[in-house]
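Trainee: This is the structure, below, for whatever I ask next.
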Amino acid sequence: MLLVLDILTTAAILFVVSIGLLAVFGVLKIINFAHGAWLTIGAYCAVVAAKLGLNPWAALPLAFVVGGALGGLTELFIIRPLYRRPLDAILATWGLGIVIGQLITLGFGRDVQMTPNLVSGTVEIFGADYSAYRLATLGAAIVIGVAFALTIGGTRLGLSARAVIMNETLARGLGIDTARVRLFTFMMGAGLAALAGVLLTPLTSVDPNMGVGWLIGAFMLVMVADASFLALGVACLVFGAAQVLVSTFVSPILGSIAIAVLAALVLRVSPKGFSRA
Amino acid sequence: MADAARKVEAPAGGDLVLEGVTSGYGAVSVVKGVSLRVAPGEIVALLGKNGMGKTTLLKTILGMTPLSGGAIAVDGASVAGLSPAKLVALGVGYAPQELALFQDLSIRDNLRLALSSDKRLPEALERVFGHFPFLADRLSQHAGTLSGGEQKMLILARALMLKPRLLLIDEISEGLQPSVVDRIATALAHERAASGASMLIVEQNLDFALRVADRWAVLKLGEIDDEGGVDETARSRALAHLGV
């Protein structure tokens, strides 16, 4: 049973980390390689909140707002001028990620930062103690997933975003302000990444390069999901299970590369990954 | 078409004026110095074979293909360089030809996308249900599951949701059976009679074009080759240019 919980909570963490990247990829058709940097910014929002003596939970809205605002500026001044040069846009996000990492180093140093736990202790489940925080991440993933689904499925912005994902030229011809849709999507993606950064703080060390490892996993998951929200959920569950099982029964080192290896295999067999498109 | 449908009591349509419009892709000009007017409440059919620049001209008017020369005005104001979003806000509707529906979205969502908000949605839906009643019962159906003719009617219905003052329609009758073409012709006539909308219709179906239009023009290799009113000579003159 604990293994099942490990799989579910690992999948939840992967989902929370990847959902912002998926949104940006779906609408802007670029992989935002600064995604890891937005995660790091979120984690440092938790550091700042702690230093200011704020309630640890206040870091969540703070990170979402800071991530969204910085994401908006990035889209306006870096991504938008490169709309017609997607490869350059991707390279620009890569460079931006490096710059953000260096700026964080300048501001906070290279040392690992400590943040207070959002949820501490354990919960007894089926006669065994299990991390309350890992269970909380499962709840967080469900809340974020539902909120995301409601935004995409139940709002005008979500409808416009789906139209842009399906056929941007047609959407533009119908008068949809695709630039505005791109802007809001990038803000949402960066905000969600920063939110994920806060949620990661009890699980990983907070340092200026913490986002790089998570970026690679998120990238693989989004490639397999191919801009499909449901496919991302399935990919997180399947790959999370693989990671947990390999780590538990084979080797934690091999477990850490399970996602990359599996993603490569899936894409080799099915170029569209888990999406039905 | 009934005279009642042709006559517009108080035209509220847009006045489209093209003067020496040139546009294309990169260094290649597809449309070359086209001058054409669609007066308020008027329907003009733009005829021509494939590859003559008809769709490119529509996309140029809509701001989707860059204008490299000439002028485009709606109601006397230049619209050159405006985004499609701004043109739609001015009341310019567009019914594209290819890949013109979001196949995985419902009929309702496809129609919603024509409006900038849902405030006018019930009223707009009622209007288009008047033209195409089958849509009312199938709002939750995915657009991709409709037949070819139904998809064309949905494309037109979506363009009409906006209650456009100027409607740009790209080969709406292509590949349709005569009964569907009839319904579309009737819908256009009624819409013009009801709202006074002006229309520029790109067509290869001469019968349909001459049935709904007041005037016609033939585009050949990006230039206006001939034009005239819909009278007893229209068919033979247009046929001479189209070669069909």
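Glycine residues also receive a Cβ, built from the backbone N, Cα and C atoms like all the rest.
Just so you know, TrEMBL annotations are computer predictions that nobody has curated.
The shown structure was predicted, so the numbers you read here are calculated from the model rather than taken from an experiment.
TrEMBL feature annotations, pasted as is:
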TRANSMEM  A:6-28  transmembrane segment
TRANSMEM  A:35-54  transmembrane segment
TRANSMEM  A:60-79  transmembrane segment
TRANSMEM  A:91-109  transmembrane segment
TRANSMEM  A:135-159  transmembrane segment
TRANSMEM  A:180-200  transmembrane segment
TRANSMEM  A:212-237  transmembrane segment
TRANSMEM  A:244-267  transmembrane segment
Trainee: Please check if the transmembrane segment (A:6-28) comes into contact with the transmembrane segment (A:91-109), where contact means 3 or more CB pairs closer than 8 Å and the residues in each pair are separated by 6 or more positions.
Mentor: no
Trainee: Which range out of A:35-54, A:60-79, A:91-109, A:212-237, A:244-267 gives the transmembrane segment (A:180-200) the most CB pairs under 8 Å?
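Mentor: The stretch I would name here is A:60-79.
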Trainee: Would you say the transmembrane segment (A:35-54) and the transmembrane segment (A:91-109) are touching, if the rule is that at least three C-beta pairs must lie under 8 angstroms and be 6 or more residues apart?
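Mentor: Answer yes: the transmembrane segment (A:91-109) meets the transmembrane segment (A:35-54) with 3 or more Cβ pairs below 8 Å.
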Trainee: So which residues does the transmembrane segment (A:35-54) touch in its own chain, when a touch means Cβ under 8 Å and the partner is 6 or more beyond its ends?
Mentor: 17, 20-21, 24, 62-63, 66-67, 70-71, 93, 96-97, 100-101, 104, 108, 113-116, 189-190, 193-198, 200-201, 206, 208-215, 218-219
